[in-house]
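Asks: Have a look at this one.
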Amino acid sequence: MPKRNDLNKVLIIGSGPIIIGQAVEFDYAGTQACSVLREEGIEVVLVNSNPATIMTDTNMADKVYLEPLEKDYIIKIIEKERPDGLIATMGGQVGLNLAMELVDSGILDKYEVDLLGTTMSSIKKAEDRDVFKTTMNDIGEPIPESKIVSTVDQAKDFAKNIGYPVIVRPAYTLGGTGGGVAQNEQQLSQIASNGIRSSLINQILVERCVIGWKEVEYEVMRDKKGNCITICNMENMDPVGVHTGDSIVAAPSQTLTNQEHQMLRQAALKIIGELQIEGGCNIQFALDPHSNDYYVIEVNPRVSRSSALASKATGYPIARVASKIAIGYSLDEIYNQVTGKTSACFEPSLDYVVLKLPRFPFDKFDLADRQLGTQMKATGEVMSIGRNFENAFLKALRSLEIDLDDLHQSIQEVDKELRQEEILKQLGKQTDERMFWLLQAIRKQISLQDIHDLTSIDMFFLQKLKNIVSYELEFSQLESQFKAESDEKNVEEIEEKLVEKKISSSNQQLQLLSEAKEAGLSDTMISASTGLTEEQIKNIRLQHNITPAYKMVDTCAGEFEANTPYYYSAYNEENEAIPPSEPTHDKRVLVLGAGPIRIGQGVEFDYCSVHSVMALKDLGYESLIINNNPETVSTDFNISDRLYFEPLFTEDVNSVIAQEKPQGVITQFGGQTAVNLARPLANDGAEVLGTSVSDMDRAENRDKFDQLLNKLGIDRPKGKTATSTKEAKEIADELGYPLVVRPSYVLGGRAMEVVYTPEDLETYMTWAVEVSPEYPVLIDQFLQGMEIEIDAVCDGQDVIIPGIMEHIERAGVHSGDSMAMFPAKSLDEITRDKIVSYTEALAKGLNIKGIINIQYVVYNGKVYVIEVNPRASRTVPFISKITGIPMVKIATKAMMGQSFQDQGYKPGLMPEPDYYAVKAPVFSFAKLTRVDTSLGPEMKSTGEVMGIDYDLNTALYKAMLASGFSINLNGGVLVTVADRDKEAVRPLVERFQKLGLKIFATSGTAEFLRNQGIDVEQVPKIVDESPNIIDLIREGQINYVINTFTIGKEPARDGFKIRRAAVENGIPCLTSLDTASALLTAMESLDRGESKQVKSLQDYLKELSN
């Protein structure tokens, strides 16, 4: 049926901030939906609170509202815009839950807004555990024995009847939030309690556990006519029991028989038909590996993380097709953009293997519980495409960027002596490290059957891993052979003998190298096994023409000719990435993406990569992208002229450069991932565009940067380097406390601490770092002043500063975890001018061509530089959106030779707007048990939101509400702070009391507050009698927790338990007094009943331009 003609304006709900369980895949889905509707001439209104997304660009929708994803704000937008329809299925679980609230409130009926795509009754059939169970029973689809409950006692009674273990699945949550596997009653009590609290309707499903069965997913599409197709089937390498977001996933399924595949495919089509889904749908099955028995585990009646993976794996644009269906089209009326010939009714066919590997945040959280279960813990994922499983697996591993370029280095040298018992013990645990223990077990010649019995991983996958290990063994034997034949034991002679061997004896060794490359082994991995250098391995390959070809993703296994330049590498194959007949390399530029989403490197860098490509297209350049993240907009085949789905690893990038011969490579916009590649690529002859590699080094090398600051007359906090604990103490005495300490060999704020006393320093040096001449520790003065952040653009001569951001938390909290307001409110004119002057001097002094990010601290009236990043930063999307200045486009054009004057921009600091914008961090602590929620120099947030308004307090309120703070004006506040913070906390406590909240405090804090004349109820510590602090939190008597801590003291351990209890009970826990003050400001705004207006970003910017 044709498109509906009654839809003139449609509202799309986005998914909000990046959190574990809901990442950047919804930015990809939302941008596709916006594009589809605008192509059809429909006016698009978008609401999303995440400024880092591409979907919130003003050119993506006619009206963009950066407002909290809360029912009251959506209602205000509906009242103002009067849309004809609403699409909620592109906003993940957040979108679905909001749609349900809007339907139940009657607001959609009142304003005659149609819920487009899947209906609310269909959504409830899939999401409400009770209704879903009944529906499956009605159509004869098997589900595990289960019961829907709303109390812990009900859960216990059911588990007692069916026996342990049981799985808990909350209704209306994302990423398995609140769920888990309970092995006994004690575990069930805790998991069920969390699950009930996490569920939108306080409902959980307790079901019989089928751990060990295969987990298989089907991505299905249906239109209003009832046409259904399966787009992709995917098999989890990990058996049931590990959340699919934390599993290794293969597409297409690798171990199913045709009978099993057809059985599950028919079941999937039957289920989507019964649920009357209109659009995309993900269905998860558990399959008994020993019979044809299966269970339906879950149905997601919306675009999901798996949808993004299936889209990139097949080339079938699921979100785009679902959006077309939502406005009335049927599948046979939608054409396939990849082939340009087939319709969307044509099921994709794959002649390659796709693998997804999860990216976990445990490199940031050493003490976190690494055990995997039904509650997701991965922050992101990578995808790889190969002609065989081994190739795809090793590519995906390289793409993870976890300091393990390949499996050969996955277990440290010390682990060579591991006993078999220890390996078997580790195999029995389901942790993020299980893959490396699997390989270690195979190396130790533990039988595959024994490994299978312990892990339930299919023998097919274990054999593939054994194939990889066999190459290691063959190359190691080759090294021994050549060393025995070499008199001088000389590396060059070994290389010559290796070459000679390859040329002679029927090229046996050359064949081994060729087969190893076909299986995905990197030069690094082969180097580690043979004893040769990477450069030697590379030279041997090139000499014998062992280089990758590039195959095209075409959705149809070559049955139809494809138009889409979307490639992956393969050895010993015909090359399908044929360059244009006319050489155009002087108008061709490669942009490096940012890889998987992780803490410290989020969707902001995908935003930057995409905007760089758009700028190159504006200039008439052919744009190329290398990236490996299936969730992102940058890996949409429509964004760049040619997309390479490859690891961001030196060898893989160099191979693409050799294939495409671009004019240059842009590394500024892919975060630290791309920046780290700049030097090795330049060393190999690539032209790094923008700021030179040597100038990047001047910004990042401590000594060189200090020399520049001295030359420019710019201050920075005093600091020195210690190579021993004794020296650290001497430096500390010289500089004075407090101090910032960090290991010199760790980037990105990892293992950084603020120490306030000699005891703090002793604890840090003992437990946090290994200090030696090879691994020195950097010690700097900690100036707890106002932190200022600037993103600027330089064309080599002039500097544009869109605006100045002021951090709400003082220095000491990582900039990514700080709230930031724009424009800066607390700067006097002299300080502002000095910051602008310093920024211009640094940009010019470092010969920046592109973007520079600078962080300052203003302390006792002086301005100090604390960090300079010669690349795009996390705040670029935020500052670009609220000022209307497209920083990445300006920077890219400057790199390509266009001055600001040529582009029509004036240099200097831009005028301040009349409105305020506040950026707030968002954390995923609830998903990561045993992680301390306290904020410090090491980044912990996974995403961000924005609040905007003409009133700063209201903008602050919106930002805190959007970030997940539950803001209300009743209940109690628990205050327990370190001695150094007691004086500063007093006025905050008085403000809480003025709002009518009851004050609770631990003994030391309570005594101080009483002495100040403040009425406070003292509560026992955790080690004391009951009811204690934890009991009060669990009983709901406390609505806010303010807790600061002291390093290495007993209260820190008490504080950890308090902070965790707050997080696990959904209570705001504030570990910075500045954040507490900001919350109070928001609460006071609410108390005054100030009106909360909504206004589109376009309308704000329109006033700025007038």
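Glycine too: its Cβ is placed from the backbone N, Cα and C atoms.
Keep in mind that what you see is a predicted model, and the values were worked out from it rather than measured.
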Asks: Arg742, Gln781, Leu783, Glu787, Gly812, Val813, His814, Ser815, Glu867 show up in Swiss-Prot as binding ATP 2; which entry in Gln797, Gln855 does that record put in the same site?
Replies: Gln855
Asks: Name the one residue among Arg742, Gly812, His814, Glu867, Asn869 whose Cα is closest in three-dimensional space to that of Asn300 (Mn(2+) 2 binding site); these are the binding-site residues.
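Replies: With Cα distances computed to Asn300 (Mn(2+) 2 binding site), the winner among Arg742, Gly812, His814, Glu867, Asn869 is His814.
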Asks: Run through Glu298, Arg742, Gly812, Gln855, Glu867 for me and report the binding-site residues whose CA is within 10 Å of the CA of Gln284 (ATP 1 binding site), in sequence order.
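Replies: Neighbours among binding-site residues, in sequence order: Glu298.
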Asks: Under DSSP, is Arg129 (ATP 1 binding site) helix, strand or coil?
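Replies: DSSP call for Arg129 (ATP 1 binding site): helix.
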Asks: Write down the Cα-Cα distance for Glu867 (Mg(2+) 3 binding site) and Gln855 (ATP 2 binding site), rounded and given in Å.
Replies: 5
Asks: Going by Cα-Cα distance, pick out whichever of the binding-site residues Arg129, Arg208, Arg742, Gly812, His814 is nearest to Asn869 (Mg(2+) 4 binding site).
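Replies: It is His814, whose Cα lies nearest.
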Asks: 10 Å Cβ neighbour count around Gln284 (ATP 1 binding site)?
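Replies: For Gln284 (ATP 1 binding site), the 10 Å Cβ neighbour count is 20.
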Asks: Considering the binding-site residues Asn300, Gln855, Asn869, which residue's Cβ sits among the greatest number of other Cβ atoms within 10 Å?
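Replies: That would be Asn300, with the highest Cβ count within 10 Å.
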Asks: Looking only at Arg129, Arg208, Arg742, His814, which of these binding-site residues has the biggest number of Cβ atoms within 10 Å around its Cβ?
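Replies: Compared across Arg129, Arg208, Arg742, His814, the most Cβ atoms within 10 Å surround Arg129.
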Asks: For the C-alpha pair, I'd like the distance in angstrom between Arg742 (ATP 2 binding site) and Glu867 (Mg(2+) 3 binding site), rounded off.
Replies: 14
Asks: How many Å lie between the Cα of Arg208 (ATP 1 binding site) and the Cα of His814 (ATP 2 binding site)?
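Replies: About 44 Å separate the Cα atoms of these two residues.
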